[in-house]
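Sequence annotations record features per position, and here TrEMBL assigns domain 'Cation/H+ exchanger transmembrane' to 62-322. Under the heading domain 'Cation/H(+) antiporter central', TrEMBL lists 461-588. Feature annotation from TrEMBL assigns domain 'Cation/H(+) antiporter C-terminal' to 602-643. According to TrEMBL, the transmembrane segment annotation covers 46-69, 76-93, 105-125, 145-168, 174-198, 210-230, 242-268, 280-305, 325-348, 386-409.
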Amino acid sequence: MASTMKPDDITVHAGKAPFDKFTSLCTTVDKIHSEGLFHDSNPLHFSMPLILLQVSLATGLILFTKLLLKPLNQPIVVSQILGGIIFGPSFLGRNSWFISQLFPLRSFILIDIISSFGFMFYLFLVGVQMDLCLLKTINKKTFALGFFSVAVPMLLTLTCTYVIMSAINLESKIALSLPVVSQIESVLAFPSIAYFLTELKIINSEFARIALASSMISGMFGVCVVTLTFLGHETPGGKQIFLSTIFISIVVGVVIAFVIRPVVFYIIRRNPMGEPLKETYVIVVFVAVLVSGFCCQAAGLNIYYGPLVLGITIPPGPPFQNYLAVQFIALVAAFGKFLGAFMISFYCNMPLKDAMALGLVMNVQGVIELDMFEMMERNKKIDNEAFVIMCISMVIVMGAITPMIKYLFDPSRRYMVYKRRTMMHLRPDSELRILVCIHDQENVPTIINLLEALNPSKRSPLSIYLLHLIELVGRANPLLITHKLTKRPSSKASPSEPIVNAFRYYEHSSHGLVTVFPFTAISHCKTMHDDVCSLALDKRTSLIIVPFYKDIHANGAMGSHKKTIRILNNNVLDKAPCSIAILVDHGNQKTTRPILTTWSSYRVVVLFLGGADDWEALALGARMAGHPNISLTVIRFLENESVTSGNEEERKLDSEVVSEFRLSMAGNYHVMYIEEVVTDGMGTISVIRSMENKL
C-alpha cells in the first residue's frame, strides 16, 4: 500500500530545493510498529516510534526553551516559535543526518495529518471558550477601542506600504505581499488575547474584560476588511467562486447551529447536573467535530472552519530591502494597534499605566495568527520570505510586550487602600457589610447561623454579599453573575440556586435587618481571588468569610483536602482590602434555621494572645455579645513577668484594646473576662485544654 502527498505540503515542511521537482511522494504504510533494536530493526524506519520521537523532541525543546525564558516572563508562544526555528533549516535543519534520520520527508505525511487533527480540535476548544455573551457588555468605549485598534494600524501600514513601494524597488513577490501583510498584522484574534491574559493570571480583572470585548469587535472588523479586500483583488470568475464560498460558509454555519447544536444540547441536558460528561457523549462530540471538518472540506471550505463554528455554538539588497519592508510593516502595525487602543483608553479616563498596558495587549498574537500566516503562504498571498519575517516579528513583539504588561498592570494594585476597613474601626451604629464566599452547600447552615450570631439590628443591620465560587472549566473568559432576589426560580437547574434560595429564606425571615446580594463567580482557581477582592473593594465590605480548605468532622477527624480553596485562601489573605475570617466548619449544624428563633443558648470564646488579628477577633466577639442567646468568654493570655518581650509598644496597644472592650461591655452579664499567665506555647495549650469541659 502507498500514500501520496502534494508537492506544496512537501516543500513547506522540507524547504529543500530538489523536492519541489517532485509531483508526488510514495511511502509504504505497512511499516508502522518496529520489532525493536534487538531484532535488527531500526525504530526510525517505522511510523509509530518515529512520530513519538518527533513529538517528544519538539515538546521537550519547547519546555526547555520556556524554562530558559522564564526569568524574562515570556509567553509560551515565544517558546513554541523559537523551538520551531531551532528545528528548522536555520539551525538543526542544516544537519543532513538530523533531517534524514529524525525528520525524513516521508514522515511529514503523518505529521501533517496529526497537526491538522490537533489544530482542528484546538480551534474547536477555542470556539467553546469564546463566550458570545461578551457582546452584551459592549458599550461605546469598548466599541471605539475595538474599531480604532484595527483602523489605526491598518491606515498606518497601508500608507507606509504605498510609500515604500513607490520609494524602493522591491521584488515583485514582496511588493505583492506587503498589502496582505499590512492587513494580517492589523487584525486581532480574540482567542490569542484570551489565552495570553489567562497565562498572565489577569483574566478576572475589569481591564481583561475590556480587552476581550474590544478584541471581539476588532476581530469582526478585521474579517470584514480582509474579505472586502480579497473580493476587490479577485478576477470576475474568482469573485464568483469567492462569493459562492462565503455562501457555503453561511450554509454550513446554519446547519451546525440548527442541526448539530440542538443534538449537543440534548446530550448535555441528559447528563446529570454536576457529573462529568459520559464517555459516550464525549465520543459523540468528537465525532461531530470530525464530521464538521469533513463537511467543510467536501464543500471546498477550510477544514478548520467547521470545528470553530461548532465550538462557538456550544455553551459552557533586495533581500535586505525585503526584510526591512516586511519587518517595518509588522512593527508599524504593532505601533498602530498600541496607538489606537491607547488613545481611546486615555480619552475614556483610564489610568495612564492601564491604558498603555491595554494598548500592548492589543498586539498579542498566538497560534491563530501563525496558522493564518501559513494559510496565506500556501495560498500564494505572501511568499516564504515574508512568512519567516512575520514569524520573527511575532517573536520580537511578544517577547517585548509581555514583561512590559506585567510591569505596567498589577491587578492587586487596586486592592491597596489608604485605610484598611476592619471590624475594629467600624462604628457601632454603622451597617456591617460582609462578603461570604461559598464553594458548596455543606457550609451554608453554619455560615447562616454565624451571620445571625453577629446580631443584626435596626441600629446596625447586615448587608451580606454572597459569592458562590465555581472553578472555571471549558471557557476562556471568567463570569461574574448577579442574581436578582426578586426573580422567580428558573426551571433550568443551577448549582447556585439551592445556596441562593437558602439565603433568600434567611433574608425574608430577618424582618428587614439583613439584606442579601447574591453573586456567582466562575473563574480559574489561581485567579479566583480577584473576584473576591474586587467585590470586597467595590462593595466596601469590612469582613470576608472564606471556608477552611479541609473538611473537619464533628469528632475532630480531618476530611478531604481541597486544593482550590487552599490556593484561594492564601491569595485572599495576601491581597484582601479588609479583614478576613476563615470558617472551620465541624458539620454540627444541619439546618439553616437562625439561632435567634431557638431557645438554645450558645457560648462563644475569644482567645486573645495579642496583635492585630486578635483585635479583630475581639471586635467580632463584642458584636456577638449583644445577641440575647450568646454568652461571650474572653480569655487573655499574659506573659509571665520572668519572660521578657521585645515588643513593648504592641503590648500597650493590646492593653488599650482590651480596656476599651471591657469598658464597652460593662453591665453585660453575658460577658466574662479571664486572664491567664503563661510562660510558653505548651502552657497556652494546657490552659485551653483545661477549659474544654468548663466551657
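Keep in mind that glycine also has a Cβ here, set from the backbone N, Cα and C atoms.
Note that the coordinates shown come from a computational prediction; the quantities given were computed from them, not determined experimentally.
Proximity of distant same-chain residues to the transmembrane segment (280-305), defined by a Cβ-Cβ separation under 8 Å and at least 6 residues beyond the stretch ends, is recorded for 116, 119-121, 123-124, 245, 248-249, 251-252, 255-256, 260, 263-264, 267-268, 270-271, 371, 375. According to DSSP, the domain 'Cation/H(+) antiporter C-terminal' (602-643) comprises 13 helix, 17 strand, 12 coil. Mean pLDDT of the predicted structure over the domain 'Cation/H(+) antiporter C-terminal' (602-643): 87.
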